[in-house]
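Participant: This is the structure I have questions about; it appears just below.
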Amino acid sequence: MLLVVTSNNLIVMWAAIEATTLSSAFLVGIYGQRSSLEAAWKYIIICTVGVAFGLFGTVLVYANVASVMPQAEMAIFWSEVLKQSSLLDPTLMLLAFVFVLIGFGTKTGLFPMHAWLPDAHSEAPSPVSALLSAVLLNCALLVLIRYYIIICQAIGSDFPNRLLLIFGMLSVAVAAFFILVQRDIKRLLAYSSVENMGLVAVALGIGGPLGIFAALLHTLNHSLAKTLLFCGSGNVLLKYGTRDLNVVCGMLKIMPFTAVLFGGGALALALAGMPPFNIFLSEFMTITAGLARNHLLIIVLLLLLLTLVLAGLVRMAARVLMAKPPQAVNRGDLGWLTTSPMVILLVMMLAMGTHIPQPVIRILAGASTIVLSGTHDLPAQRSTWHDFLPSGTASVSEKHSER
């Protein structure tokens, strides 16, 4: 995963993504049960086929760049490809982005290539599920964003933005309906990952400074919340011995401290429109960016789908936390080693929801400028996240922050 995010070589970047599939598949099937082995094989087959499409897109980009560069061997480096992007064939780059979106969108968990994700996340050990959801999906997303930058510089942003909006909205829609009917707590969280990756794709598709900033911020916010929830689901499995939501009930009476932490993470995902949770900020920015760029229909549909997600997650949280607990389960939390990571994550979520640290703003601002302009120049310093808002909205937000 480190190689994915640090490599400047397109082929090495692709090979690293493929290597994450092969290495993490063993972790998915580590229990050796029929269901976990099936999930591991499904993960390998779907992701390998998907990433093969990403290789086709990579080869198309390389061939196109090599034809316009005097030194063809330099066409394998992302930074060099970016410099030559204005000289590339628009038709070939359009086709390359389709392959790239299908290929690396598979690893990101976008519909309709998401079928591996619910099985893999639910069958893997909970720490592995947290790693897959919070880190691995973001690695694939980073590769997709790198190609998005190249394509936007080569053919403009209209076509890639339209594709991202379509795939993103479909991902949110499918995940929202599956969340409503899930009876397995980890599968529900896995579909929540599909929904949130779709939301990131929507923010990227909306575009603009605020949309890009919102997409990058949401990846960070989602990683914190989902790690907390998968750690909590691991505690649930240790205490109840099952992931079945018909059995996992009454956590407030069985393990109260863990229940408060788990409930905080669940409410952060469900009540995303409510501060002080961190996901409120990134989703608010996404909606504001959509309205500012006249995507009214997209925003209305998105709000309706997020309402379905709200219903599914609140129903899960209410049953898990407050329903009548089973008599056979021993009462008491599992110990500080299992709850202290959840405490740290919840504190970080609340901190990100009330005041985004300046270093985080600077890093995301620099990344947003690279995505928008295709250059490595860092932007002018931005004192608050309000600087990314449209002028009218920013002034209103600043007035509220002064009160």
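A Cβ is built for glycine as well, from the same backbone N, Cα and C atoms used for every other residue.
According to TrEMBL, the protein has these features:
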- 7-302: domain 'NADH:quinone oxidoreductase/Mrp antiporter transmembrane' (DOMAIN)
- 12-31: transmembrane segment (TRANSMEM)
- 43-63: transmembrane segment (TRANSMEM)
- 92-117: transmembrane segment (TRANSMEM)
- 129-151: transmembrane segment (TRANSMEM)
- 163-181: transmembrane segment (TRANSMEM)
- 193-217: transmembrane segment (TRANSMEM)
- 254-274: transmembrane segment (TRANSMEM)
- 294-314: transmembrane segment (TRANSMEM)
- 334-353: transmembrane segment (TRANSMEM)
Participant: I need to check the long-range neighbours of the transmembrane segment (163-181): which residues 6 or more away from its ends have a CB within less than 8 Å of a CB in the stretch?
Facilitator: 97-98, 101, 105, 109-112, 114, 118, 148, 188, 191-192, 194-195, 197-206, 295, 298, 301-302, 305-306, 308-309, 311-313
Participant: Could you give the residue numbers and ranges of same-chain residues that sit at least 6 residues beyond the transmembrane segment (129-151) on either side and whose C-beta is under 8 angstroms from one of its C-beta atoms?
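Facilitator: Residues 1, 4-5, 13-14, 17, 20, 24, 54, 57, 61, 78, 81-82, 85, 93-94, 96-97, 100-101, 104-109, 120-122, 159-160, 164, 186, 189-190, 193, 197, 200, 204, 219, 222-224, 226-227, 230-231, 233, 370-371, 374.
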Participant: In terms of Cβ proximity under 8 Å, which residues at least six beyond the ends of the transmembrane segment (334-353) contact it?
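Facilitator: Distant contacts of the transmembrane segment (334-353): 220-221, 224-225, 227-228, 231-232, 234-235, 238-239, 255, 257-258, 261-262, 264-265, 268, 275-281, 360.
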